[in-house]
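Peer 1: I am attaching a structure below and will ask some questions about it afterwards.
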Amino acid sequence: MDRPLLRGESSRGCCSYGTLKAWLPILSWLPKYKLKWLQMDVLAGLTVGLTTVPQALAYAEVAGLPVQYGLYSAFMGGFIYMLLGTSKDVTLGPTAIMSLLCSSVVGGQPQRAVLLSLLCGLIQAVMALLRLGFLLDFISYPVIKGFTCAAAVTIGFGQVKNILGLRGIPQEFFLEVYYTFYKIPEARIGDVVLGLLCLFLLIMLVFMKASLESNDADDASTSSRVARKLVWTVATMRNALVVVAASLIAFSWDAYGHKVFTITGQTSKGLPPFRPPPTSDTTANGTVVPFGEIVKDFGGGLAVIPFMGLIESIAIAKAFASQNNYRIDANQELLAIGVTNIMGSFVSAYPVTGSFGRTAVNSQTGVCTPAGGIVTSVIVLLSLAFLMPAFYYIPKASLAAVIICAVAPMVDFHVVAKMWKIRKWDLLPFVVTFLMSFWQVQYGIIGGIAVSGALLLYNTARPQIKVSDHNVLVMELSSGLSFPATEYLSHIIHTQALQVSPPRSVVLDCHHVSIIDYTVINELSDLLRQFKLRQVQLVFSGLRPSVLKVLLAADLQGFRYRDSVEEATQMESRNLIDD
């Protein structure tokens, strides 16, 4: 199937129109829009919409907010991303990780969650305008995997209390674990049976869908193809079907006066008002908390949440762009997410990002353009307008089952074995991030980034130096040379050439060195002086033109260089390296 190019082609007309297309990618694909694309976009939008509604309700529980806030957060992304997004597959909305981060920062306070969305959106949009997408490159894969594994465990176990129907469980992870086991005798039989039944059905449908997708053999029977398509559709909409079925069961028991399930309860009806997010808060005793105090309370969350939102969404966009043979613009994706969070704050949304699960459904259903997101958003709006009274009877155990099945694939401990085989040091930021995330999720991310940064700096400060003896010592730098490595290089040269008896001449192979700074120049000047005092030579070889230019400009006393290591070693062995 033909699919539109989502990124603007090289501009040949008016320069301003080319710039406009770069900022509004919709102008690249909308003029080429075809009727068959509309059919596929509507089908994909409907399918994703039926997945989004139950997930949004469930993720609001993770964020510690009333369930309607999940739906408030689920519709703005479709409209904004259609205008600004560069991926045909990505869907923006509430996710498990962002909900967990939001809960850790705002503590289940809706007004603060809405303000957090505005501030995160502003940070993300400014990053996009300043072209700061490259900063995401400094967050390593082990940190991301450590965080997602810990988040999945935290979120998944956090729903056990709803499966058991327990109340009064603290939010802190370690206390939550303790009191969940402590209060098991208080479990409600109805919630346990319903929750386990929902889990069983969801897991069964997941395996049915996986088996259908893994079997690529063509079936000549039309009836078999129809049956397979029906099973695939049911499995794709499993969350909505399970939640609806559980709600009907809860309604039936409640109608006969048997309140055996813990249900969602009263929710706000109708669409959220369009208004600026609150810039102050009022405590239960009437004390007004000003804007500055709220921002101070957010603390490191204001740095962690925007970055994690960007990482999650851009990683998803890149994965599906590679799979479906198109390219995305990372900075434009930042802008789309930032504007979505800014505009979402005006309709009482909490921070959102790209969803891997819903994006996968979108792609598998055959979406052709970001217009499919509009259909998804309309379904969410219709749910808010007409279905909120029905949400009263949704059992919390069914939402807990939806969340557990959604986050279970995030627990990927196979990556530990891979890191052990490839580079064992990568396990350190993974483990630090994983363990610290159980204390505070933002501390886990910050700790992992700090450890990754320390390892990166250590590798820079301790480059591998291969030493070989060719009548003179040849020292080959296996990586670049920058100021953190100067002391280490000086130590190696002193211990192996200058402090031995008799002192040895050294050929420094610099073909990996592409940049040099003042600290390095200063240290090389001192080394050349030390070599001269001991009447031996320090000769440079393999210098790149840019580095050679800098060294010549520095006017180092006693500086000598040769084009190759072979030339330098041969001349020294013949006693030809002199003034």
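Using the three backbone atoms N, Cα and C, a Cβ is placed for every residue, glycine included.
Note that TrEMBL annotation is computational and uncurated.
Pulled from TrEMBL, these are the listed features:
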type: TRANSMEM; residues: 42-60; note: transmembrane segment
type: TRANSMEM; residues: 114-134; note: transmembrane segment
type: TRANSMEM; residues: 189-210; note: transmembrane segment
type: TRANSMEM; residues: 230-253; note: transmembrane segment
type: TRANSMEM; residues: 298-321; note: transmembrane segment
type: TRANSMEM; residues: 333-352; note: transmembrane segment
type: TRANSMEM; residues: 372-392; note: transmembrane segment
type: TRANSMEM; residues: 399-417; note: transmembrane segment
type: TRANSMEM; residues: 437-458; note: transmembrane segment
type: DOMAIN; residues: 471-579; note: domain 'STAS'
Peer 1: Compare 42-60, 298-321, 372-392 by their Cβ pairs under 8 Å to the transmembrane segment (399-417) and return the stretch that comes out on top.
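Peer 2: Comparing 42-60, 298-321, 372-392: 42-60 has the most Cβ pairs near the transmembrane segment (399-417).
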Peer 1: Which sequence positions outside the transmembrane segment (372-392), separated from its termini by at least 6 residues, show Cβ-Cβ distances below 8 Å to it?
Peer 2: 40-42, 44-46, 48-50, 52-53, 56-57, 67-68, 71-72, 74-79, 81-82, 88, 91-92, 247, 263-272, 362
Peer 1: With a Cβ cut-off under 8 Å, give me the same-chain residues at least six positions beyond the ends of the transmembrane segment (437-458) that come close to it.
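Peer 2: For the transmembrane segment (437-458), the far contacts come to 100-101, 104-105, 138-140, 142-143, 146-147, 150-151, 153-154, 173-174, 299-301, 303-305, 307-308, 425, 428-430, 484.
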Peer 1: Might you confirm whether the transmembrane segment (42-60) is in contact with the transmembrane segment (333-352), defined here as three or more C-beta pairs under 8 A between residues 6 or more apart in sequence?
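Peer 2: Contact criterion not met.
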Peer 1: Let me spell it out: take the transmembrane segment (42-60), skip the flanking residues so only those 6+ beyond its ends count, and list any with a Cβ under 8 Å from a Cβ in it.
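Peer 2: Result: 66-71, 73-74, 78, 91, 93-96, 99, 233, 236-237, 239-240, 242-243, 264, 355, 357-358, 361-362, 365-367, 371-380, 383, 391, 394, 399-400, 402-403, 406.
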Peer 1: Give the nonlocal contacts of the transmembrane segment (189-210) in its own chain as ranges (CB under 8 Å, at least six residues past its ends).
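Peer 2: Non-local partners: 162-165, 231-232, 234-236, 238-239, 242, 246, 249-250, 253, 260-262, 395-398, 400-402, 404-405.
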Peer 1: Going along the chain, which residues at least six beyond the ends of the transmembrane segment (298-321) come within the CB cut-off of under 8 Å?
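Peer 2: For the transmembrane segment (298-321), the sequence-distant neighbours (Cβ-Cβ under 8 Å, at least 6 residues beyond its ends) are 86-87, 89-90, 92, 95, 97-98, 101-102, 104-106, 112, 116, 119-120, 123-124, 127, 133, 135-136, 139, 144, 147, 327-328, 330, 333-334, 337, 341, 351-356, 359-360, 363, 441-443, 445-446.
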